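Student: What Swiss-Prot records for this protein is below:
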type     : residues                       : note
SIGNAL   : 1-18                           : signal peptide
REGION   : 144-172                        : region 'Disordered'
BINDING  : CYS174, HIS361, HIS365, HIS371 : Zn(2+) binding site
ACT_SITE : GLU362                         : active site
DOMAIN   : 428-515                        : domain 'Disintegrin'
DOMAIN   : 516-571                        : domain 'TSP type-1 1'
REGION   : 701-838                        : region 'Spacer'
REGION   : 798-822                        : region 'Disordered'
DOMAIN   : 896-949                        : domain 'TSP type-1 3'
Amino acid sequence: MLLLGISILALAWRPAGSSEPEWEVVVPIRRDPDINGRHYYRRGTEDSGDQGLIFQITAFQQDFYLHLTPDAQFLAPAFATEYLGVPLQRLTGSSLDLRRCFYSGYVNAEPDSFAAVSLCGGLRGAFGYRGAEYVISPLPNTSAPEAQRHSQGAHLLQRRGAPVGPSGDPTSRCGVASGWNPAILRALDPYKPRRTGAGESHNRRRSGRAKRFVSIPRYVETLVVADESMVKFHGADLEHYLLTLLATAARLYRHPSILNPINIVVVKVLLLGDRDTGPKVTGNAALTLRNFCAWQKKLNKVSDKHPEYWDTAILFTRQDLCGATTCDTLGMADVGTMCDPKRSCSVIEDDGLPSAFTTAHELGHVFNMPHDNVKVCEEVFGKLRANHMMSPTLIQIDRANPWSACSAAIITDFLDSGHGDCLLDQPSKPITLPEDLPGTSYSLSQQCELAFGVGSKPCPYMQYCTKLWCTGKAKGQMVCQTRHFPWADGTSCGEGKFCLKGACVERHNPNKYRVDGSWAKWEPYGSCSRTCGGGVQLARRQCSNPTPANGGKYCEGVRVKYRSCNLEPCPSSASGKSFREEQCEAFNGYNHSTNRLTLAVAWVPKYSGVSPRDKCKLICRANGTGYFYVLAPKVVDGTLCTPDSTSVCVQGKCIKAGCDGNLGSKKKFDKCGVCGGDNKSCKRVTGLFTKPMHGYNFVVAIPAGASSIDIRQRGYKGLIGDDNYLALKNSQGKYLLNGHFVVSAVERDLVVKGSVLRYSGTGTAVESLQASRPILEPLTVEVLSVGKMTPPRVRYSFYLPKEPREDKSTRPKDPRGSPVLRNSVLSLSNQVEQPDNRPPARWVAGSWGPCSVSCGSGLQKRAVDCRDSPGQQGASACDVDHRPLEKRACGEPCPTWELGNWSPCSKSCGRGFKRRPLKCVGHGGRLLARDQCDLRRKPQELDFCVLRPC
């Protein structure tokens, strides 16, 4: 949100060192070969084609030669202006005539100059030349016939340069807080080791989803709305005035310093004849924005392919807007809402031609750009000057780099993250926006009246181009006042010069110095994001060989490439924890500053319910609760996008990779969980459970190493909620799912060692529990049967590694060739006849049970039986000396409390408090949740401190 800062000076103030007036009355002369043609266009005149025009303006002891060419590319072919209210009429004919008005170009063949003017009703617009900005417009008392004659037609040319002498301190004109959000941190992270941007492209029709790290043209289809106050103030010139503002904003977005090819395209202009037909506009800027966003959403077309569909909407009003703390507000918009039909909109308080800069600034917020003075921008790019578009105190635009490096980096990440995919379709009928500088259409006097009201005049002795000082009254006295905006581009500032972006510059030929950009060589690959387990290295190239200039095309194609590195497994991978789990655990003890969570909170990854766009954010759930948060804007490069996928995250985007960890590899896991395998190293185990008893019923024990697990419970006769529910326990007998007669109705992710099981929830006709990757711990599947005891139908299948000496000829099989498991007991219906020479009896030991304690010294037990060859028990037949152990010691050291140093006292005198970090550390130094340590022995974490008396 832009805020307005008005400085007031006495009328007699004169800039120190200024010896020449800051405006002159001039007569533009057309100097191109077709000197017999029309010199200015009027509505209804014939089109002169795409020929170039040259105008000479002599002022300020120099000649300005404006080399102009038609430029209406910011108007969609289907552009139309429509009145809503009384009278109701379409003005398409007038809109078509306006396409011929707008020209753009350069001054005196100067590469850094700039001109954007309208030739309708005289020369009106702005241009910049050698550090000064010029605004030109016909004198108000000049008749239309005079303005059409070859060498007649008085115009007012105003020059604005750097401000000299006393001036008011500019205040922020934008109410958007100069803070940061996770998206900004993510956007700037790649730039921390360097302070350069990335490249982009030129125009070409595209559609669909954008590729990551690729420069692609974007087309911002725009609705422009003017309320009743604008209609009354501007009258018949309103449409031309609005398009002049949008033409200036569009040219700013085509500047290469934004590092992206952004094309502002107006698809429709709505002029509201009375207040009842439009949104409710009040002095409350935030409320007006909300009203306008809701109103424009109802008018927009459903399909992006419709010629009049818009991606963003802009409301212009003369209403004095007020922000939260001041009524100096000039504009307001939500941050990062481009392509959101409900919120991609902005509100602009019209204060004359400088509103073009307000429009570009607020649209920058819609593109997720913060102010340049936010801390994260300064940390990466250093302290930025206050003359870029996203400065909160916009005064004078840097003509060479209107967009800061921070703004370019953030909009690049915003578009690369898929937030600008609605901008990929090129309008079928764009409205042509004026390319003439606004100073050629609006005189200094007109600029003052637009900014400060009827009767306001330019103050004498203004410094050229920098700030527009206009007369006004304060406490009955005549004063000079400014809103810290420069003169409009195109205002003359001397002989052969005009104002451009706050500087007085020479005129030049636009086409002679046009330079298309080209890619430079690839920079070296950076460091690997991980030391083991599969990291990523990045390399970039810049559009700097050469850098596009003077309207030249930007580079198109891939600007960032990547490769895998350090693929060897990490030593800690044997624990079964994923890299994402480790990143979540790093936040253990952080309660997100909410009283809903304790400082003993432990964080685990959240997978279910996460949109594909957010897979590479570090979204973690507080273990044992339903609360989840984005703890980091992106995971470390090389982190798996999902636990059942081999794709990895690169700069916050999910990129395809093979199971070998290599980006671009096509290797896949087979059903056995073997990378690049042929499905021959494992066997399939299937089974069916249909006869339950009330309560929990054992279904199957799934050993460690099982992969491609698929368990389904079909509702009785297709019913949802047939009172049968899947349950899951770990090897310690702890329920991981639907235990203690409490079931989960929603989708859940169950994190186990080595894998994640996806649970469908109970709200489906087919309740499912699935995992693709091998599990590294045994699990037990049960079914909870309650209520009417309708028969369940639980089918399960999974794959187990084959034993090295397994003999397939003696393996029982079902008719389909797969071993069949009935409640974890192999079917022996097809058992092969046993030979007569049976082996002797042997000891058979079961699996070790859980440890009797969770930590410390405990015992484990197991069953040991003597079995003869038919499987019958008979302890006397076995050798007692070789009997296996039935008990053994177990237990790891208990977690301990680890203390840090006390913090300084919270007060410098009197009674305050101090605190020290406290962590629960397990065996091997692993950070645990606090509830896993002995809370009865928890050391004091917070204490009072008393210093000297105050």
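In case you wondered, yes, glycine gets a Cβ from its N, Cα and C as well.
Model, not experiment: these values are computed from the prediction.
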Student: Got a sec? Which of these binding-site residues, HIS361, HIS371, has the most Cβ atoms within 10 Å?
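Tutor: Selected residue: HIS361.
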Student: Tell me, by DSSP, whether HIS361 (Zn(2+) binding site) is helix, strand or coil?
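Tutor: HIS361 (Zn(2+) binding site) sits in a helix per DSSP.
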Student: Using DSSP, tally how many residues of the domain 'Disintegrin' (428-515) sit in helix, strand and coil.
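Tutor: When I sort the residues of the domain 'Disintegrin' (428-515) into the three classes, I find 9 helix, 32 strand, 47 coil.
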Student: Report, as a single number, how many Cβ atoms besides its own are within 10 Å of the Cβ of HIS365 (Zn(2+) binding site).
Tutor: 24
Student: With DSSP assignments reduced to helix, strand and coil, which class does HIS371 (Zn(2+) binding site) get?
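Tutor: Coil, per DSSP.
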Student: With helix taken as DSSP H, G or I, strand as E or B and everything else coil, how many residues of the domain 'TSP type-1 3' (896-949) land in each class?
Tutor: 9 helix, 20 strand, 25 coil
Student: Sort the residues of the domain 'TSP type-1 1' (516-571) into helix, strand and coil with DSSP and give the three counts.
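Tutor: Counting residues per DSSP class in the domain 'TSP type-1 1' (516-571), I get 1 helix, 15 strand, 40 coil.
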Student: How many neighbouring Cβ atoms, not counting its own, are there within 10 Å of the Cβ of GLU362 (active site)?
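Tutor: That number is 27.
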